[in-house]
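Pulled from TrEMBL:
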- 55-74: transmembrane segment (TRANSMEM)
- 86-106: transmembrane segment (TRANSMEM)
- 127-143: transmembrane segment (TRANSMEM)
- 163-182: transmembrane segment (TRANSMEM)
- 194-213: transmembrane segment (TRANSMEM)
- 261-282: transmembrane segment (TRANSMEM)
- 303-325: transmembrane segment (TRANSMEM)
- 345-366: transmembrane segment (TRANSMEM)
- 387-411: transmembrane segment (TRANSMEM)
- 417-438: transmembrane segment (TRANSMEM)
- 512-530: transmembrane segment (TRANSMEM)
- 550-567: transmembrane segment (TRANSMEM)
Amino acid sequence: MTSEAEMEVEEGYISPPPTLPSTRCSVQAGSMRRGSDVLSTSRGTVRERGRNRSWLLSSIITVNVLILGIALVSGSVFNNVKINAINLQIFLIVLIILTTAWMLYYTIYTSREDHAVLYKDSHAGPVWLRGGLVLFGLCSLIMDVFKIANYVGYLHCDSAVKIVFPVLQAVFILVQTYFLWLHAKDCVQLQRNITRCGLMLTLSTNLMLWMAAVTEESLHQTVVPPEDGNSTHSYDIRASGGYSSCNCSHSACAVLEKAYYYLYPFNIEYSLFASAMAYVMWKNVGRLVDEHNHHSLHFRLKDVLVGPAVGLVMLVAGLGTFVIYEVDVKKGDPGKRDTVLMIHYVMNTVAVTLMSVSTVAGCAIYRLDQRDHVSGKNPTRSLDVGLLIGASIGQFTICYFTIVAVVATGAEGHLNALNLAVSLLTVIQLCLQNIFIIEGLHREPFHEDMHQASVFTNPYVLQAQAHRDIHNLPGTFMETKMSPALTVHSMHVAPSGSPLPQRHRLTWKRRALKEICAFLLLCNILLWIMPAFGARPQFDNTIGAEFYEFTMWAAVVNIGLPFGIFYRMHSVASLFEVFLTS
């Protein structure tokens, strides 16, 4: 059985050490203080042991769910006899039901227990991140509605699971969005073992939904080479579970299917946003947060013009070339395909070159910056950096595979030369942007042109002055308390020559950093949109498939590209935070 002290520590009721009378002898005070330190150390050890056990248990749950899910996803793609998409959807339905039930339990429990959440992590779940979650969740709900309407047409000859799954997924999205909007900042102190396991289940469910959506989208976008005798997407020839002869009962199926495939990128980003927020909540379970270093950040575009203007020009121009690329590639004309590929490469070359120059300028400004680096550990910041580095590996992989293929074949022709240039410049841009963002995330926010002065006062002098004032004011009564410590008062002092504090224009360093962040943010949105909504120059340019063989090249692209797409969206979120702190 657990001792009473262990139970108090495990459940989060940590009573403060007893207050010592200021007039007692020093020997008695010292002994009591040492006893309090021993008790505090013992409780800290028990708390650390309990946290490690719950971390281990929740991690085991995550590993088992993810590995089983990976096996089912792989089997549903490559095996058309034993496992099909319906089996995978049944597994996902079980996960969704369990996760939804736990989120409802958590919401009800924490609303009834006053001591369940004693602290809030102000860095976790900022409003713009939760706003993005709501936006992506809304698009995911629309996607589920289109899926339901589409699968209703196949209900007479297909499994009802295909309708049940999007229905339950829509309910899951509604519950989870509400849950994360309210509780993303929670540092739970009660039922920590159950909470950690529940959050890891939530993380696993979102990663499985992400994996299933990425697999479906990748197969839909992967083009089978013409020499195989079929120029359609591999999704059309994939294992379909024996329902290839099933025809839709209404005429809108083709339109609905095309519509919900265009909404897949939003659903993919929603799952990743939710996974990241669940992970931060998991790290914050049982955490005692110090909020003294938190800064209130506000979004302002005042005095920032050049970066957003140039970024918008790049975004509009890129979207125009992307539309031309999509239209002409689908026509199947080799001449037009090479032309639009060249336009696509030129657009990407210009974008990554300007982004590289901007990040070099931003890193130079950091060298002149006098701001302190952020001190202390923070789960949100650590996760941002880890995801930034990890997600960029996918884009690095595709770029280096492309560089090897082009160089090995001699880089003949303008198309291959542009392909090589884009790959090399993208590698450089990724390295520079990672340095710029990570450095920005670890800098303290800029302060206004006001100084905060600390005034230290001696309480004994103040009390003596108060007694003198009492004698000079008859009829006045004042109760005073003795205190052995100095009292610290903080007040804002205006700059010399200014009678009152006032806002000043941005300094040149602040303005330059904001301009750079705004430009990079818009360019990363462009580089997210193009691959997320169907641009696949890796398949339209056949050099990769010819050099590595189609099977290996398809695996490289379909594994690396989802991480590259996520990298661009995560860079947008990180750049927005750097913009705010600048």
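In case you wondered, yes, glycine gets a Cβ from its N, Cα and C as well.
Contact between the transmembrane segment (261-282) and the transmembrane segment (163-182) is supported: at least 3 Cβ pairs lie under 8 Å, counting only residues 6 or more apart in sequence.
The transmembrane segment (163-182) is not in contact with the transmembrane segment (550-567), judged by fewer than 3 CB-CB distances under 8 Å for residue pairs 6 or more apart in sequence. Counting same-chain residues at least six beyond the ends of the transmembrane segment (417-438), those with a Cβ under 8 angstroms from any Cβ of the stretch are 342, 345-346, 348-349, 352-353, 355-356, 359-360, 362-363, 366, 385, 388-389, 392, 395-396, 398-400, 402-403, 406-407, 411, 516, 520, 537, 541, 543, 567, 571, 574-575, 578.
Taking residue pairs at least 6 apart in sequence, the transmembrane segment (86-106) and the transmembrane segment (194-213) share three or more C-beta contacts under 8 angstroms. Among residues of the same chain six or more beyond the transmembrane segment (86-106), those with a C-beta under 8 A of the stretch's C-beta atoms are 65, 68-69, 72-73, 75-76, 159, 161-162, 164-165, 168-169, 171-172, 175-176, 179, 183, 195, 198, 201-202, 204-205, 208-209, 212, 241. Taking every listed stretch (127-143, 345-366, 387-411) in turn, the largest tally of C-beta pairs under 8 A with the transmembrane segment (550-567) is reached by 387-411. Long-range contacts of the transmembrane segment (387-411) within the same chain: residues 276, 417, 419-420, 423-424, 426-427, 430, 434, 437-438, 538, 543-544, 546-548, 553, 556-557, 559-564, 566-567, 570-571, 574, each at least 6 residues beyond the stretch ends and with a Cβ under 8 Å from a Cβ of the stretch.
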